[in-house]
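Features as listed in Swiss-Prot:
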- 43-64: region 'Disordered' (REGION)
- 49-60: compositional bias 'Basic and acidic residues' (COMPBIAS)
- 59-94: domain 'EF-hand 1' (DOMAIN)
- 72, 74, 76, 83: Ca(2+) 1 binding site (BINDING)
- 96-131: domain 'EF-hand 2' (DOMAIN)
- 109, 111, 113, 120: Ca(2+) 2 binding site (BINDING)
- 130-158: region 'Disordered' (REGION)
- 146-158: compositional bias 'Acidic residues' (COMPBIAS)
- 161-196: domain 'EF-hand 3' (DOMAIN)
- 174, 176, 178, 185: Ca(2+) 3 binding site (BINDING)
- 202-236: domain 'EF-hand 4' (DOMAIN)
- 215, 217, 219, 221, 226: Ca(2+) 4 binding site (BINDING)
């Protein structure tokens, strides 16, 4: 999988992570329940949703910051070529050499300091969908039939390319290669990326919440088809 596309997929994952792990109503209810239990009261909680509450929407700025922090290992606000190379290796994405990692950095390093800051990272992240559509095209005679044929060929090429990329991304999460992503497998990937809830290891329950957002058949797993639908939504 192209390392640049990986950044886009991580953005979708982080959006799901933030949606599943931060529900204000759930947190307030849990805090109140804990206080009353500490005071010795028997507590029965019935979850209710206030009429004025709306489902939490992903915050693009916050999600981008989470993705950035997974690569910025030392937290200094910059991504080095070495940090980029190490992050990709954690996910099983091979980088052939340090020079290749440096070349990836150089592609967006506007001030030529050898580092990627958050602004350069945003420019890279926003450009990824456009890059996917910029493959080389062979010129054809400019006729209506030729234009229609070229458009169909482009759509087919793009669909095949996206299918391959998504399959490779899916395989990163599917640790045992059974064709399904479990909560445990998702937690392992989150941990490898440094995405931890409240500074600790991602709880399996939180990973189940993430899966529930995209699990259309209710089996507690994410199939490849569900994974593709998920990525279609987060890229929209």
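Numbering starts at 1 and runs along the chain as it is shown here.
A Cβ is built for glycine as well, from the same backbone N, Cα and C atoms used for every other residue.
This view paints the features noted in Swiss-Prot onto the structure.
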{"residue": "72", "record": "Ca(2+) 1 binding site", "DSSP class": "coil"}
{"residue": "83", "record": "Ca(2+) 1 binding site", "DSSP class": "helix"}
{"residue": "113", "record": "Ca(2+) 2 binding site", "DSSP class": "coil"}
{"residue": "120", "record": "Ca(2+) 2 binding site", "DSSP class": "helix"}
{"residue": "174", "record": "Ca(2+) 3 binding site", "DSSP class": "coil"}
{"residue": "185", "record": "Ca(2+) 3 binding site", "DSSP class": "helix"}
{"residue": "217", "record": "Ca(2+) 4 binding site", "DSSP class": "coil"}
{"residue": "226", "record": "Ca(2+) 4 binding site", "DSSP class": "helix"}
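Neighbour density for residue 176 (Ca(2+) 3 binding site): within 10 A of its CB lie 10 other CB atoms from the protein chains shown. Of all the binding-site residues in the record (76, 174, 176), the one with the smallest CA separation from residue 226 (Ca(2+) 4 binding site) is 174. Distance between Cα atoms for residue 74 (Ca(2+) 1 binding site) and residue 113 (Ca(2+) 2 binding site): 17 Å, as a whole number. The shortest Cα-Cα distance between residue 176 (Ca(2+) 3 binding site) and any of the binding-site residues 76, 113, 217, 219 is the one to 219.
For the pair residue 76 (Ca(2+) 1 binding site) and residue 174 (Ca(2+) 3 binding site), the Cα-Cα distance reads 32 Å. Apart from the site residues 72, 74, 76, 83, the chain places the Cβ of 71, 73, 75, 77, 78, 79, 80 no farther than 8 Å from the centroid of the site's Cβ atoms, the recorded Ca(2+) 1 location. Sequence-distant contacts of residue 83 (Ca(2+) 1 binding site), defined by Cβ-Cβ distance under 8 angstroms and a gap of at least six in the same chain, are 71, 72, 73, 74.
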